[in-house]
Amino acid sequence: MNKEERAKRQSKIRNFSIIAHIDHGKSTLADRILEKTNALTQREMKAQLLDSMDLERERGITIKLNAVQLNYKAKDGEEYILHLIDTPGHVDFTYEVSRSLAACEGAILVVDAAQGIEAQTLANVYLALDNNLEILPVINKIDLPSADPERVRQEVEDVIGLDASEAVLASAKAGIGIEEILEQIVEKVPAPTGDSEEPLQCMIFDSLYDPYRGVIAYIRVVNGTVKVGDKVRMMATGKEFEVTEVGVFTPKTTQRDELTVGDVGFLAASIKNVGDTRVGDTITHAKRPAAEPLAGYRKLNPMVFCGLYPIDSARYNDLRDALEKLELNDSALEFEPETSQALGFGFRCGFLGLLHMEIIQERIEREFKIDLITTAPSVIYKVFLTNGEDMIVDNPSNMPDPQTIDRVEEPFVKAAIMVPNDYVGAVMEICQGKRGTFIDMQYLDETRVTLTYEIPLSEIVYDFFDQLKSNTKGYASFDYELIGYKPSKLVKMDILLNSEQVDALSFIVHRDSAYDRGKVIVEKLKELIPRQQFEVPIQATIGNKVVARSTIKAMRKNVLAKCYGGDISRKRKLLDKQKEGKKRMKSVGSVEVPQEAFMAVLKMDDN
């Protein structure tokens, strides 16, 4: 293409993404948009088409972002090229959203006509505003009997401050309003700015590993043009490669001769090493490089850590490969090797939240067929010692001796919880039980309230979300951001089985709830650990003080079965002999801890 053709094509490109709270219908809307623009034949169409992982389709949530190019003939008779970048809505996957938005000029904001605005709707809108996107409100599910589009329209104006007078009323399920949405995209979303003659700048917003073609980078071209055969350089790592193919997604990968300004597509360059392409990096030409890289997005820091260990220790290297491949596709995952006396060799992994942790675990078990044991999740604590030094602890078993600790600080989050009026009391109770501090309460309208609390992250990690949902019948929605560290009275609790410490069961807990927590765990382990041939004491200790104890009784054979008659000395001899044997066994016996016991420690309720 020459310069004029490229400029004309650029003016017809529209890049947009769809943002919404979970379950407000954005994957269905994406399906309808694909149908409307005839991206696929009827035969290829299936529900939640862009959710390509089995896991996504099963749970009905979007985890990965996805990109697709569509051709749309608008009412003005012109052909437009639309790039739809689908995004997840769950709070753990905000980084996926921020990456999608960095590649767009506009966003469709989907709001459920019955439920109205929810916490993550707001969080995603603020992300979109940070990226200066044009936001088009769409009120979805208007065919529901409980829909109240006018109230929701008012809410969008009051809470978010967007002009909702032209908001499209739609039902993705019934296919109502899809054309209006496409027309609004063409009219209101600006065409990409950039110059195809400038030095090349492409932003990598995702990548995946193909065993035949190496690493495939998903890119958005900001300036310049990239063709097959070009020599390109990754600006962060300085590595150079020759481009073997470029193309777009129509959802299938379709090869093209070149990608130019505004295009969203993929680039393969026989990149074998996973570490050479970093999401957020800029690709430029090796011969005529750009002066500086694009402003990538900030690296997200993991908030939750846990240990992953293969049940079969021979598969340690397979687990490393699995984590490396997932890291490529999931820029927020971090991991490093660690060892545990109880579990052998494994990895300490960092995640954005509990859902993220569960998803990674499931993906390893499904896609790589590795059975895992996971340890209790923990957050990063700052420990200040009496000798003036300080250290960072992300694994409870690294916590120093209590005598040497001056103070411990833990991360706090500011949680915004949106909830119907009737459940305000229930939510406040949960937050107080989780050591939360009340900050603020605002009424959105007659029926809904936003509560703001400061809560320690470690309390949210356990089961905060589950409790919130079950005590508000699923109506509460919640979003959080890190605000920093504050001192807390924290202690490390160890679990001893048969007087031996099991390092994988250690956890850090607030001093006030230590006793109750210890008692619950000890009882729980008593149920879950199978009975042995000798009796096994289970103790919860803080330092050298035992705070709770329970005993698993020994299994024993009835040694008196063959005695008839009543001679007590004969029976006594047999019983004493048995007791002696049990005692010997106890001194050498070791106790196997089943995986359920580790899981129970995770899922433990404080009540």
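Glycine is treated like the rest: Cβ placed from N, Cα and C.
Feature annotation from Swiss-Prot assigns GTP binding site to D23, H24, G25, K26, S27, T28, N140, K141, I142, D143; the stated evidence is sequence analysis. According to Swiss-Prot, the domain 'tr-type G' annotation covers 11-193.
Every protein chain considered, the tally of other Cβ atoms within 10 Å of the Cβ of G25 (GTP binding site) stands at 23. N140 (GTP binding site): 30 other CB atoms within 10 A of its CB, across all protein chains. Of the binding-site residues S27, I142, S27 has the largest number of other Cβ atoms within 10 Å of its own Cβ. Averaged over the domain 'tr-type G' (11-193), the predicted model has a pLDDT of 73.
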